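S.K.: The structure's right below; bear with me while I get my questions together.
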Amino acid sequence: MAKRVAIVGAGVSGLASIKCCLEEGLEPTCFERSDDLGGLWRFTEHVEEGRASLYKSVVSNSCKEMSCYSDFPFPEDYPNYVPNSQFLDYLKMYADRFSLLKSIQFKTTVFSITKCQDFNVSGQWEVVTLHEGKQESAIFDAVMVCTGFLTNPHLPLGCFPGIKTFKGQYFHSRQYKHPDIFKDKRVLVVGMGNSGTDIAVEASHVAKKVFLSTTGGAWVISRVFDSGYPWDMVFTTRFQNFIRNSLPTPIVTWLVAKKMNSWFNHANYGLVPKDRIQLKEPVLNDELPGRIITGKVFIRPSIKEVKENSVVFGNAHNTPSEEPIDVIVFATGYTFAFPFLDESVVKVEDGQASLYKYIFPAHLQKPTLAVIGLIKPLGSMLPTGETQARYTVQVFKGVIKLPPTSVMIKEVNERKENKHNGFGLCYCKALQADYITYIDDLLTSINAKPNLFSLLLTDPLLALTMFFGPYSPYQFRLTGPGKWKGARNAIMTQWDRTFKVTKTRIVQESSSPFESLLKLFAVLALLVSVFLIFL
């Protein structure tokens, strides 16, 4: 009899979890509280409780070749960075292609998930759900929690003295949908993550004046990177990751700063991150520098005090310390919680949960509950969650045996202590992980990591493409369980799909003898690098 698996949420990770269960002979039942799949990527005009909320203009921050499911590329005619409506269409195509809808119960809220009385023996869970006013209970052999971490807004009003006296409008960025509400208003956006920056830029097209308040600053990069390539196809490669992790942290930090400043000097715009040693995810925005230099967005430091109709900033430089404000948007992030789980199952402290490999509660007697997608890699979340799901089902099936509880708890505690070995980038913030290192570790565990040295002997072109080219998800399907016969072709044609939607006019490309000579030297240097790295 197939093991029954309860899956909470039908977003990108939930859909991947359903597919992984079906592929491995498990029996999944996915509970989705709304009336459709898609999670974060399904736009609605109104905020829905318990669901991530996005604004109308959201576009993916990771390009289509890097943010697809590993055995299901985006359609070739999709833009490289996908608008939310098309991303949702893609998820629906995925669900149709692999017959996932039959495993989803829509309009069903998970009320509670508790251990069965014989949990220490069976590892089973009782799942209580609510559907159209009717409460139901069922027993499952395992549970996969795929609710994400963008549903509970973090709004620390106590950190902003005087906010209760403010006569204007203020709200969390989760409530934002369209820029029309800012027309002819003086707007302050607090927080410089991707959402805060997007909102400030959008508001600047209709508002009277826009201020963006940041305490720690941030690196800002464009989706359009070196030579017009998508940023993550250039930045996220095995070769670059090898170089970054082999150098002392101060050198890596300097190199990263140099690269980030190649678009514009962040110091001249008041944006340089306060802490450059601990890696902070860069902000993706194609317009911000242009809006700042044309006087449409003004960067300000942290808020000192909020008055009835104005805001006072601390340590303002070359500018008034007080500005009249009509609307304040708090883009202050999110907290995460699992209201349907007892704290003894997954305890959240200081923005972290004690999860082995960011998946399994380290203290559970039986590894039958997994949290999928509760991680912040410097890479796409979709293939990360999918790889976590592939790993998880192998644990559920007993193919992978987790280490003793003491070993898992020790690893989790070491991660929480923010220890750093002095080499490579410093991933010391809660939930942060090195994207390539993390996924390679999971792939190794399920025997799905490609052996580049063997490939160098049998298929050298593929090996070199994988090492020096983008770390695209298709690499995760070359071997092991879930192997996809189209993986090699997808890897070798990824640049063709990238340029198909941009090369819409025939142009004459000519190269000088000097350029040809440079390319020859580049090839020779590449071969020497391969020899040194692999031997």
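Just so it is clear, glycine is given a Cβ too, placed from its N, Cα and C backbone atoms.
Pulled these features from Swiss-Prot for this protein:
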{"type": "MOD_RES", "residues": "A2", "note": "N-acetylalanine"}
{"type": "TOPO_DOM", "residues": "2-513", "note": "topological domain 'Lumenal'"}
{"type": "BINDING", "residues": "G9, A10, G11, V12, S13, E32, L40, W41, N61, S62", "note": "FAD binding site"}
{"type": "BINDING", "residues": "S60, N61, S195, G196, T197, D198", "note": "NADP(+) binding site"}
{"type": "SITE", "residues": "K208", "note": "site 'Important for substrate binding'"}
{"type": "TRANSMEM", "residues": "514-534", "note": "transmembrane segment"}
S.K.: Given a separation of at least six residues and a C-beta threshold under 8 Å, show me what packs close to K208 (site 'Important for substrate binding') in the same chain.
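M.R.: The list for K208 (site 'Important for substrate binding') reads D184, K185, R186, given in order along the sequence.
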S.K.: What are the non-local neighbours of S195 (NADP(+) binding site), defined as same-chain residues 6+ apart in sequence with CB under 8 A from its CB?
M.R.: Y55, S173, Y176, A331
S.K.: Which of the recorded positions A2, S60, D198 has its Cα closest in space to the Cα of L40 (FAD binding site)?
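M.R.: The smallest Cα gap between L40 (FAD binding site) and any of the recorded positions is with S60.
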S.K.: Quick one: pull the CA-CA distance for G9 (FAD binding site) versus D198 (NADP(+) binding site), whole Å only.
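M.R.: Distance between the two Cα atoms comes out at 27 Å.
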S.K.: In sequence order, which same-chain residues at least six apart have a C-beta under 8 angstroms from T197 (NADP(+) binding site)?
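M.R.: Once residues fewer than 6 apart are set aside, T197 (NADP(+) binding site) is near V189, L212, A218, V220, V283, N285, L288.
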S.K.: Please give the greatest C-alpha separation between any two of the NADP(+)-binding residues S60, N61, S195, G196, T197, D198, in angstrom, as a whole number.
M.R.: 15
S.K.: I'd like to know the mean pLDDT over the topological domain 'Lumenal' (2-513).
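M.R.: Across the topological domain 'Lumenal' (2-513), the average pLDDT comes out at 93.
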S.K.: Around N61 (FAD binding site), which residues of its chain at least 6 apart sit with Cβ under 8 Å of its Cβ?
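M.R.: In sequence order, Y81, N194, R223, L284 meet the Cβ cut-off.
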S.K.: Roughly how many angstrom lie between the C-alpha atoms of G11 (FAD binding site) and A2 (N-acetylalanine)?
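M.R.: Cα of G11 (FAD binding site) to Cα of A2 (N-acetylalanine) measures 24 Å after rounding.
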S.K.: Roughly how many angstrom lie between the C-alpha atoms of G196 (NADP(+) binding site) and S13 (FAD binding site)?
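M.R.: Their Cα atoms are separated by 25 Å.
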S.K.: For FAD, with binders G9, A10, G11, V12, S13, E32, L40, W41, N61, S62, what's the maximum Cα separation in whole Å?
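M.R.: Farthest-apart Cα atoms in G9, A10, G11, V12, S13, E32, L40, W41, N61, S62 are separated by 25 Å.
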S.K.: About how far apart, in whole Å, are the alpha carbons (Cα) of S13 (FAD binding site) and A2 (N-acetylalanine)?
M.R.: 22
S.K.: Work out how many Å separate S60 (NADP(+) binding site) and A2 (N-acetylalanine) at their Cα atoms, rounded off.
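M.R.: Computed Cα spacing between S60 (NADP(+) binding site) and A2 (N-acetylalanine) is 37 Å.
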